[in-house]
Structure formats: C-alpha cells, structure tokens
Amino acid sequence: MTDWIDGQGRQIDYLRLSVTDRCDFRCVYCMAEDMRFLPRQQVLTLEEIERVARLFVAGGVRKLRLTGGEPLVRPGIVGLCERLAALPGLRELCMTSNGSQLVRYARPLYDAGLSRLNISLDTLDPLRFRAITRNGELDKVLAGIDAAQAAGFRRIKLNAVVMKGRNADEVPALVDFAIARGLDISFIEEMPLGQVGRERGESFCSSDEVRALIAQRHALLDSAEQSGGPARYVRLVEHPQTRIGFISPHSHNFCATCNRLRLTVEGRLLLCLGHEHSLDLRALLRRHPLHDGPLLEAIGEALQRKPARHEFSAAGEVQVLRFMNMSGG
C-alpha cells in the first residue's frame, strides 16, 4: 500500500498518537476535575504505539504528532521520539505539550529528533492560569517556552483555547507575547467533548470574533499557508514573522480537507474527533503480535467508514462523551 485513502477520497497523511491520558493539569475544557485515568493494562505499550506508527508511515503518513494528556508524563517518551524520528519516509515528528515539563525535556527531545513543538498557553495571568488549569503554575510554562527556544527548536507554536468570561479579553496580549518571543500562535474554538461541569455555549468564542479582536490592533494579511493541520493562517503586516492560526471546528469546519486520524492511548483508531466511530487496534495488536496483515486490512476497511464531517454544535451540547484528554488533545 502506498497511500491511505478514505471513503471520501481524502488522502490520510497525518496521524496523532496519544501516548497517555494522564496530565499534571486539569484544564477546564479538557477533562473533569475528578478525572479517573485508565489502568495500565488498558494503555498501549510504547512498542505498540511504535508499531502502529511504523505501519502508517510505511503506508503514506508523513506527519506524526504525539499528544496526551500530557505526553511528557509518560516514562520512555524521549526514546519513543528517537525511534519514531528515524522511521523512513517520515517528514515531521511533532508534539503538543502543556509546557510544564519542558525545562527538563526540551533538550533531550530536540536531540532525539523531535521537529516541532506546540505549547498550550491560554492566559498570561497567573491567577487565571491556575483557574483554567485548576492546578498549573504559569511560571513553569513560560520557563518551558524559554527552554524549548534555547534547546534549538525554531518551529514553536502556541495554542490558546478562547473562552468568553475566562480569557477572550487576553487575545491581543497573547498575540503581543507571540510577537515578542518570535513564535506562532493558533486560537482554537472549544470543542464539545465530555461533560466538564459547565455550559460551553455561554463561553463559546468564534474564530471570527477572535480575528476581530486582533484586527483592532494589527493589520492582518490572509495567507494560503498550510501546516498539514486544520488551521487557517494570517500574517501580521507589521510583524510578518509571526503567523496567527485559527482552528474553527464550529464556524469554519475543515472536514472537506481532513487528512488525519487519531490513535487513543487505549488503542482506538478514531476516524473523526466528532464521532465515536473507531477501530479497536489494541485487540488486533495483541491478537496478531507477529503479523501486520490483519491490522492493515482492518485499517483499510475502517478508512472507508470515515465520516464526511463532524456534527459539532456551537450551542454547547456534548455530542461526544469522550473527554479531550482521552482523544489525543
């Protein structure tokens, strides 16, 4: 097989791999405060994750992203990065992190071959940061960003989930922070995954509203740039080195060009973030430890069932009970 093609004719060249459901934060949009995590036997081993990645890269996937939970709380993560970075045909090995562990891990990750880092940063206010993350320390994340730049990472992007009443008023300040640090930043519409104990519809902030906030202070230039993910980009006329992205699952969904799949840490291959359609790869991995044929056949059949689009609603109703940390955030 040379290409993974789904039932809509879309080429799949991007796989997100969740290496853990655990996290040292409890972000309000990601999980419940009293989240219960998976027992070890239900979690894929690093060897199983590597095996899946190897199969997909051999079949045409060119970009892998390691996610969580927080991937840096998984023991052995640096060694996994080193092995994945060496896969023939892989062009990009990326990671999404909350940044709290990067003072320790930035240099080892860079040396292991990680090519890109996305770092979550929803606010620059320490008290708000603790409220959104429920227990996080902003200073650790800011130090982690510094450590990543010092380690040599040149392709660092900040991710901010924008919520009215929590951090929407900080959009301009976050842009200014990205400019000052020479970083890109993407603003994300909150996704209705899991019961998080509050009304999402009341805090929903669309990408168009975020763009309008930025345009009050900066002249924007639309860009046709693509990163292999769902973001639409603009450049700042006076600071063209900073790229601003908008990830808009509600207001400007990107389903028609969807090129990605997600593997959860329990081994479910999610065909769409907004649907429960999935393939139990863990069972196949453990039933066929020496033979890839059954896995390849099952993946090919599953791809034909990948939905044309999600059904997310900006009204805030939960369409998927699975939490974001269980989905590969």
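Easy rule for this one: first residue shown is 1, then count along the chain.
In case you wondered, yes, glycine gets a Cβ from its N, Cα and C as well.
If you check Swiss-Prot, you get these features:
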BINDING   ARG16, ARG65, THR96, LYS157, ARG260, LEU261, ARG262  GTP binding site
BINDING   CYS23, CYS27, CYS30  [4Fe-4S] cluster 1 binding site
BINDING   TYR29, GLY69, SER120, MET191  S-adenosyl-L-methionine binding site
BINDING   CYS255, CYS258, CYS272  [4Fe-4S] cluster 2 binding site
DOMAIN    7-230  domain 'Radical SAM core'
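Under the three-state DSSP scheme, CYS255 ([4Fe-4S] cluster 2 binding site) falls in the helix class. Among the binding-site residues TYR29, CYS30, SER120, MET191, CYS272, the ones whose Cα sits within 10 Å of the Cα of ARG260 (GTP binding site) are CYS272. LYS157 (GTP binding site) falls within a strand when secondary structure is assigned with DSSP. Between the CA atoms of CYS23 ([4Fe-4S] cluster 1 binding site) and GLY69 (S-adenosyl-L-methionine binding site) there is a gap of 5 Å. Between the CA atoms of ARG16 (GTP binding site) and CYS30 ([4Fe-4S] cluster 1 binding site) there is a gap of 17 Å, rounded to the nearest whole number.
The distance from the Cα of THR96 (GTP binding site) to the Cα of TYR29 (S-adenosyl-L-methionine binding site) comes to 16 Å. Here the C-alpha separation of ARG262 (GTP binding site) and CYS272 ([4Fe-4S] cluster 2 binding site) works out to 8 Å. Within 10 Å of the C-beta of TYR29 (S-adenosyl-L-methionine binding site) there are 22 other C-beta atoms, taking all protein chains into account. Distance noted between the C-alpha atoms of CYS27 ([4Fe-4S] cluster 1 binding site) and GLY69 (S-adenosyl-L-methionine binding site) is 10 Å. Note: the CA-CA distance between CYS30 ([4Fe-4S] cluster 1 binding site) and GLY69 (S-adenosyl-L-methionine binding site) rounds to 9 Å. GLY69 (S-adenosyl-L-methionine binding site) sits 17 Å from LEU261 (GTP binding site), taking the Cα positions as reference. Here the Cβ of MET191 (S-adenosyl-L-methionine binding site) has 22 other Cβ atoms within 10 Å, regardless of which shown protein chain they belong to.
The shortest Cα-Cα distance between LEU261 (GTP binding site) and any of the binding-site residues TYR29, MET191, CYS272 is the one to CYS272. Residue density at SER120 (S-adenosyl-L-methionine binding site): 23 other Cβ atoms are found within 10 A of its Cβ, drawing on all protein chains shown.
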